[in-house]
Amino acid sequence: MASSSCNCAKPQISHPLSSASSSTVHLGHSPTSISWNSRQPNRTHNISIIHSALHSPSVLHFPKQPYQNPLIPIEDDSVNVQVQPKTHRHPQWNLLQRAAAMALDMAESTLVSLELQHPLPKTADPQVQISGNFAPVPEQPVKQALPVTGTIPSCINGVYLRNGANPLFEPVAGHHFFDGDGMVHAVTIENGNASYACRFTETQRFLQEKELGRPVFPKAIGELHGHSGIARLLLFYARALFGLVDHKQGTGVANAGLVYFNNRLLAMSEDDLPYHLRITPSGDLQTVGRYNFDDQLKSTMIAHPKIDPFSKELFALSYDVIQKPYLKYFKFQPDGTKSPDVEIPLSMPTMMHDFAITENFVVIPNQQVLFKLQEMIFGGSPVIFDKSKKSSFGILSKNASDSKDIIWVESPDTFCFHLWNGWEEPESDEVVVIGSCMTPPDSIFNECDESLKSVLSEIRLNLKTGKSTRRPIISESEQVNLEAGMVNRNRLGRRTRYAYLAIAEPWPKVSGFAKIDLFTGEVKKYIYGDKKFGGEPFFLPRDDNCESAEDDGYIISFVHDENSWKSELQIVNAINLQLESSIKLPSRVPYGFHGTFIDAKSLINQA
């Protein structure tokens with residue numbers, strides 16, 4: 001969610017990419033500071049606002065960081081930086097490979113020099129995309145016995161994990177926040193005690209770039225624009241042709257979603273297979289490897305699969321931007337057995353970041369953000385907003401063996417990056433979908449002149465008439481950007497009253513979260529406090545009993561204090577939005593993406 005629309009605050013710093021060199025140096029933090037011009041979140045008198053009363057300590061320590069150049073300086077001028085000599089690593093290459101590598105490196109340096117003669121759009125400018133607390137951090141081994149303010153509820157025992165983008169190396173040109181290497185942050189809670197660790201997910205891409213000592217894989221959003229994007233693809237495949245890199249084992253970053261299924265923790269991004277991670281007894285993280293469900297999964301899988309809380313099945317999609325079928329649907333039984341792929345008929349490759357399930361159906365958005373790689377030939381972005389296309393939702397039986405019975409219902413000018421829930425209302429022949437409708441639809445990916453809006457909406461799809469309606473759930477006077485969040489996962493796919501969503505203001509930061517009554521539109525806000533920002537609010541039910549009150553549980557979220565430059569994990573009572581406890585973390589946690597919680601009983605059976 002770090003992508004910036006055109007009106008976002010911009011750090012006032014010098015450009016970090018003044019040199020075209022692609023050599024490797026030590027990733028530390030420069031003493032230069034960042035000055036932000038940011039606006040304060042809107043406050044509405046008739047909305048309940050609860051402020052956090054706990055504050056992080058002001059003492060700050062940054063460990064040395066064993067990576068490449070600092071990406072963007074942090075807001076702390078007391079940090080000493082040690083820079084390692086620039087190095088290139090050449091794995092056991094033969095003479096021909098060394099010569100090819102040298103020639104291709106020279107071509108890349110020329111390309112970078114040409115790219116840097118033109119200003120980068122904010123959606124690909126590292127100064128915007130990975131500045132401040134969007135900047136990366138080094139790995140942290142397990143730190144035990146963390147300080148706790150308040151009392152951790154006794155029902156919380158297990159591991160909270162959150163994924164995020166954390167580039168290992170400094171971008172040589174354009175970079176979008178979504179392009180960073182995956183890093184998972186883990187807080188283990190056991191009988192009121194807490195520990196913390198964070199580790200890179202060791203994707204094939206990560207391991208190869210780490211061995212080479214530099215970034216070589218193209219960045220799908222930040223770099224693949226226009227003619228220079230085509231040149232980067234040609235450079236990459238030329239390196240692959242000479243055996244300098246291997247793209248056949250996946251090119252994904254596994255930085256977006258997390259799911260615990262069939263006793264495995266999976267880290268995901270929609271451009272690759274999932275990666276299997278293991279949580280050690282001490283609370284550390286290890287990458288087991290790329291996971292294809294025992295050779296059953298032959299394609300990529302999106303980062304938002306859904307687990308039905310009653311059947312325990314996992315439902316997923318896979319999309320292709322090159323060739324048909326552009327979209328496939330499949331599911332897994334609780335034991336990991338995969339169903340045959342169901343090809344979904346789409347006339348063009350469409351961005352499919354998320355979808356919804358109900359008790360009996362999967363709900364598939366077919367929206368107006370498309371992939372058109374040929375646009376690069378004309379100097380444009382391959383991700384485009386096609387105003388001429390009509391948005392629609394496909395409703396398909398969960399148990400379908402083909403797509404012949406799919407029902408498409410048009411929903412004009414609808415683009416939901418995330419869908420929070422869906423359910424059936426048979427009395428009216430409708431499927432109800434709850435999502436955040438974003439305008440402009442492509443503003444996360446392409447620079448624009450219009451401010452981004454994300455409106456929590458109820459979309460009703462009538463299966464009998466083929467028509468739809470859409471309405472904002474919150475009144476216009478109380479409208480606030482809501483992105484990233486969830487409903488009670490024990491009731492996913494069934495009618496839910498509450499959603500817990502991040503208040504994405506000032507965009508792209510998150511100043512708090514909102515508890516929204518989806519029936520009445522009532523909004524209750526929990527605001528983190530002065531210059532404190534967080535991310536996705538994760539709702540953890542008190543227990544797995546579906547008979548309990550829907551909001552009986554806790555909201556868990558990482559929170560970063562930009563005054564003290566310290567991070568913490570806050571645990572908030574979901575019923576009254578009162579802070580129960582705060583776990584002080586030993587190092588900074590950057591703003592990131594999506595998370596999950598694995599209870600201690602489930603961890604016993606971890607594969």
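These residue numbers are counts, starting from 1, taken along the chain as shown.
Glycine residues also receive a Cβ, built from the backbone N, Cα and C atoms like all the rest.
Curation plays no part in TrEMBL annotations; they are all automatic predictions.
The Fe cation binding site feature in TrEMBL is assigned to HIS304, HIS353, HIS418, HIS594. Long-range Cβ neighbours of HIS304 (Fe cation binding site) (same chain, at least 6 residues apart, Cβ-Cβ under 8 Å): ALA256, GLY257, HIS353, ASP354, PHE355, HIS418, HIS594.
What TrEMBL records for 15-40 is compositional bias 'Polar residues'.
Look at TrEMBL and you will find 1-40 tagged as region 'Disordered'.
Annotated Fe cation site HIS304, HIS353, HIS418, HIS594; additional same-chain residues within 8 Å of its Cβ mean position, judged by their own Cβ, are ALA256, GLY257, ILE302, ALA303, ASP354, PHE417. The binding-site residues considered are HIS353, HIS418, HIS594; of these, HIS353 has the fewest other C-beta atoms within 10 angstroms of its C-beta.
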